[in-house]
Amino acid sequence: MITRNTLSQAPSIPLQNPKFKPFSSIHFPKRPNFPTLPFHRSFSLSSSLNFTPRNRIRHCISPSRELNYEGNGDLIEENNEEEEQGEETSPKIKGEELANQSIWQQLKEIVVFTGPATGLWLCGPMMSLIDTAVIGQGSSIELAALGPATVVCDYIGYIFMFLSIATSNMVATSLARRGKDEVQHQISILLCIGLFCGLVMLFLTMFFGSWALTAFSGPNNAHLVPAGNAYVQIRGLAWPAVLVGWVAQSASLGMKDSWGPLKALAVSSVINGVGDVVLCMFLGYGIAGAAWATMVSQVVAAYMMIEALNKKGYNAFSISIPSFNELLSVLAIAGPVFVTLMSKIVFYSLLIYFATSMGTHVVAAHQVMLQICGMCTVWGEPLSQTSQSFMPELIYGVNRNLPKARMLLKSLVTIGATLGLVLGVIGTAVPWFFPNIFTHDIKVIEEMHKVLLPYFLALAITPSTHSLEGTLLAGRELRYISLSMCGCVAFGVLIMLLLSARGFGLAGCWSALVGFQWARFSLALQRLLSPNGILYSEDLTRFEVKKMRAF
């Protein structure tokens, strides 16, 4: 007899590991702690396993598969003799069938899941690329000043990506419990944290922005500071709106809504593009005009993100001061990812620092190439999101199936390799054949052409790296990712120091980026192919995590 607390599945082929015992023989003395997995955007994270009310766990790929528990914590399953007999007689055939399930069905789910979210990653680099192209038409000095200015405005902002990570994770987990009041409280405290951090960044920008630019540019490039400081001061006015908007965007993503944030960022990109053209090209405001256009577009995007939350029945204008324990919970979720993000920020900031020390034309060329590279690399981010969303059930879910997990990873890496080659060709062709889109300065164009080969090598491997690192995140290898990223940064900086000392110029910086990207790929691949790795080991204890304290 099937009760309401019976293990139920959708009418499809059940995903089961033939090496596992039937569920009827498994009894938990208490409710097991399944992990929740955060997911990062260009650094946005979402939970892969979420707790629902009445001790029901819902998994990411097929929402219809549900695992239910009785009040005493015992697991009850319908004893279907025919199914058990089928499992015993042909486990090998069933495992092979699951491992070779239609790749087109997987691709369809991947496209539906990640399609709208791709636009979220494209809008940010698109706005920076528009700024670079428009400013480059007017002045090489302002184009060069844009390099250190974007470090202060954009790269430092990534420090606060922990807000996005914590928001999407907490909101998704609470929604699984049907705790709307809990979701509202979490949004309120995270909005408060975002607003506070934004005000702090506004204060620091106003009083220390010029000092930061001077220290970063160096004494030989003091002429870049006035233009760069104008850009930083104007962009700094939007810091509170930017961080509040990040929280609102991540809350929508945690609610499985990617269309709302996409609409907001699409409108923001249009405003930024039109503003750049009008203020810079027609009115002649230069780098200051680009800063005003970007600042206004960010404020508009934040407002639309908040309104999108209000339409879902939440009060996005409600702000609550978090307690000390709540602050610790937020930081505990994003800790390892914070280290990873900081490592990337440090490395890319050092790239610009070394390029800045080589002169105005070199840093202008580096700024153009870096913006094109950033525009191309975000196309690989959906592969990371796919890994983090679809892998957990296959690695440690109820229907655990490591052969299918390996097959999915193979598909993602193959897609990543193909995408990397396409992006590498397109991304290299743009500065090679159409450099006048960004600048008419012959010396800047010559410096751009010197780095095309390392530029291609760095770009081609990036999407596959995203697939591998996303799988490590899905397997909760957070400590390994953070430590390996620190090692990759050290390796890249060492290459940069050696090549710069030998006079390789900008090509040395981009060769260091090649070493950084390929080191990330190699370490992630080695970890996943290890016999004791998450895709081969039958040890489930590695996935046990402490239950996060609920608000």
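We number each residue from 1, going along the chain as drawn.
Backbone N, Cα and C atoms are what each Cβ position is placed from, and that goes for glycine too.
Bear in mind that TrEMBL entries carry predicted annotations, made automatically and left uncurated.
Look at TrEMBL and you will find 155-176 (among others) tagged as transmembrane segment.
Taken from TrEMBL, the feature transmembrane segment applies to 188-212 (among others).
Taken from TrEMBL, the feature transmembrane segment covers 265-285 (among others).
According to TrEMBL, the feature transmembrane segment maps to 316-339 (among others).
Sequence-remote contacts of a segment are chain residues at least 6 beyond its ends whose Cβ falls under 8 Å from one of its Cβ atoms, and for the transmembrane segment (345-365) they are 136, 140-141, 143-144, 147-148, 151, 155-156, 158-159, 216-218, 220-221, 223-224, 439, 441, 443-448, 451, 488-489, 492-493, 496, 500, 505-506, 508-509, 512-513, 516. Feature annotation from TrEMBL assigns transmembrane segment to 345-365 (among others).
The transmembrane segment annotation in TrEMBL covers 412-434 (among others). Beyond its flanks by at least six residues, the transmembrane segment (412-434) meets 368-369, 372-373, 375-377, 379-380, 383, 386-387, 448-449, 452, 455-457, 459-468, 470-471 of its own chain at Cβ-Cβ distances under 8 Å.
For 480-499 (among others), the entry in TrEMBL reads transmembrane segment.
Counting only same-chain residues 6+ beyond the ends of the transmembrane segment (265-285), those with a CB under 8 A from a CB of the stretch are 119-120, 123-124, 126-127, 130-131, 134-135, 137-138, 292-294, 296-298, 300-301, 304.
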